[in-house]
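Q: Shown below is the structure under consideration.
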Amino acid sequence: AKVSRKPREPRTAVTQSTRRIKRKKTLSKPRSRGGVKAPKTTMKIKRALRRNLRRKIQTSAGQPKKAKKARKHFVSYYVLKKSGQNKKTNQNKRQNQNKRQNQNKRRGQPVPEQEIMEKPTTSCKWCSQGVTRRGRRY
């Protein structure tokens, strides 16, 4: 069986503090209703330091800046330049052709003339016809 004890009463009398009237806090900034931010009333002016200004003037006078080029639409053209690998293969083809011609001359056979024509690597309709986009033949 549980026995509940009475809480001990303090021997000294406790004086109850009188209630103070709570005052509403005074806000430093007026709050706007509706969650909209109020525009700032003060503006800060940024000032450059004097020595920095002098440096900037000296550097800008010595080296004028280049004008930036405006961006243009990206258009891809078929590149007619040969890469280093293509040049090597062409040299090998020519060497082989020269060897054949020399062998045929030694045998006394007529030399068949062949033109070396590179096939375009892309499936572009202009490239397969041997015409660039600007209408020039190569």
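Quick reminder: no glycine exception, Cβ is built from N, Cα and C everywhere.
Swiss-Prot feature annotations, pasted as is:
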type	residues	note
COMPBIAS	1-11	compositional bias 'Basic and acidic residues'
COMPBIAS	19-34	compositional bias 'Basic residues'
COMPBIAS	43-57	compositional bias 'Basic residues'
COMPBIAS	65-74	compositional bias 'Basic residues'
COMPBIAS	86-101	compositional bias 'Low complexity'
COMPBIAS	120-131	compositional bias 'Polar residues'
MOD_RES	Ser4	phosphoserine
MOD_RES	Thr26	phosphothreonine
MOTIF	5-23	motif 'Nuclear localization signal'
MOTIF	54-72	motif 'Nuclear localization signal'
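Let's see these features in context: how buried, what's close, how far.
A: For the compositional bias 'Basic residues' (65-74), same-chain residues at least 6 beyond its ends with a Cβ under 8 Å from one of its own Cβ atoms do not exist.
Long-range neighbours of Ser4 (phosphoserine) (same chain, six or more residues apart, CB within less than 8 Å of its CB): none. When secondary structure is read from DSSP and collapsed to three states, Ser4 (phosphoserine) falls in the coil class.
The DSSP secondary structure for Thr26 (phosphothreonine) is coil.
For the motif 'Nuclear localization signal' (5-23), the mean pLDDT of the prediction comes to 68.
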Q: Relative to the Cβ position of Thr26 (phosphothreonine), how many further Cβ atoms are located within 10 Å?
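A: Thr26 (phosphothreonine) is surrounded by 5 other Cβ atoms within 10 Å.
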